[in-house]
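Note sheet for the following structure.
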């Protein structure tokens, strides 16, 4: 039975082994010594926590003992912990003799900030993966937090040579471009499985779904992400479709298969049970995605893991249907989507899943469960909420990250220290420093609809029609005795200009102009000038009146002339009024006479009027 299971399983996954696997890479920049300075490619390990979206600078150390890191460094009295003021330590380790993950764990225990595994032979880079469940208890896997990278044998030998020559090797690991970040939305997919009896990997996967659900739903509801779950299936070779093994692991006559959960056909659930539950989860997503609520999928799969485990013999349709109903999902639509697993026909949902397994563009074939793909790049690292969220947040275009990406757990707010080296106006509490997931940006801000312009580092200035509303446009402003003057003008001009009655740069100061002292106003012989803040007062002696527009004093003679002029003006106005009334009276009289004549003419056609003589004319007819 075990041999038959092994043979069939081998045939089922043979097509995947022949698939196109893409090694996810990041850059490694050697900054010293000059002999090996340059940028190199390295492969990201599929464990630990790669610093997606960030960089890590350190000094390389090649231990004199335990160079393959298969034993604890404490046995050799070796520590890689950095001393205060020094760069973190990158440990160079040789490949071979033990698992990659064990090397990383041992180096981390000794204080390493990252490990570089030098390949033992000249070959293309490969992905360092976690060991199979049956080959290692791997209790330490989830505790690995340092990043790891596989480098070529050539680069490894060059680093060793430089270190043996007494050179200090410094380098920078760069993950800023490991995940594409084209726009403000991240598209990601999770290749998962409903099977909960596959050991530690299944336990880790279920734990991740539970922990990540909240963040995933926040991002999806906010329109920040587009999530799609996927499920790996295999087809049974045609020669084996009628075999007992194929019938127990496949549905739809061998088209869609999954391995037996317990690796034993005689007990527990079969592989076909897993395929059906995977299909049900995929259909739940499709139904809810059509209703505009794709995030309900997370509620369903986490509830299913809790309420319908294989260990309690609840991994059934009845248990699943109960959850579907409790979440308000249309059960009929889900059942229609699932179709008949016994029918000799293709299932459109699972057929699409098999086609999606094949890599496109920069994404390789999906061959590992679970697999996370972010912006069409396969994620490498620990399947843990913080690590995955870090990778996803690196997929947003700079300055478009949602708030969840800017928490202290995920990134360091560089604006908190020295304002990130950017411009700021402490009085108005305005800064050009913008915290992003990849680091700070110095960009002049827009505040209350007012755009600031400048380089963002040394200066930013409010501009536009409303710029005076923000810190007075950066211009001078002062109030005294109930009067306020400002050098800011609410138009599209950018310059500060002292108002009339002041002089200065308009930015830091505007000083009152003493018009009296400068003799620019109030200069007539009878004038008496008194300077005020922002203006002046001018009075006249001997009871004269001051005319500001002419800067002169008017005496009594001039007043008499003025009175005469006003008298003439009134006479003229009265004369015009009388002429107007007379004209109106004549007009009314003529109109009335004209109307009387017209009316009399009309009436005369019908009857004799007293003032009209008899009509003596007539018509005669001879008889």
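Placement of Cβ uses the backbone N, Cα and C atoms for every residue, glycine included.
Taken from Swiss-Prot, the feature signal peptide covers 1-22. According to Swiss-Prot, the feature topological domain 'Lumenal' maps to 23-565. Residues or ranges marked as domain 'PA' in Swiss-Prot: 51-163. Residues or ranges marked as domain 'EGF-like 3' in Swiss-Prot: 512-554.
Note on the domain 'EGF-like 3' (512-554): residues 480-481, 483, 485, 499, 501-503, 562 of its chain, located 6 or more positions outside it, place their CB under 8 angstroms from a CB of the stretch. According to DSSP, the secondary structure content of the domain 'PA' (51-163) in residues is 31 helix, 22 strand, 60 coil. In this model, the topological domain 'Lumenal' (23-565) carries an average pLDDT of 87.
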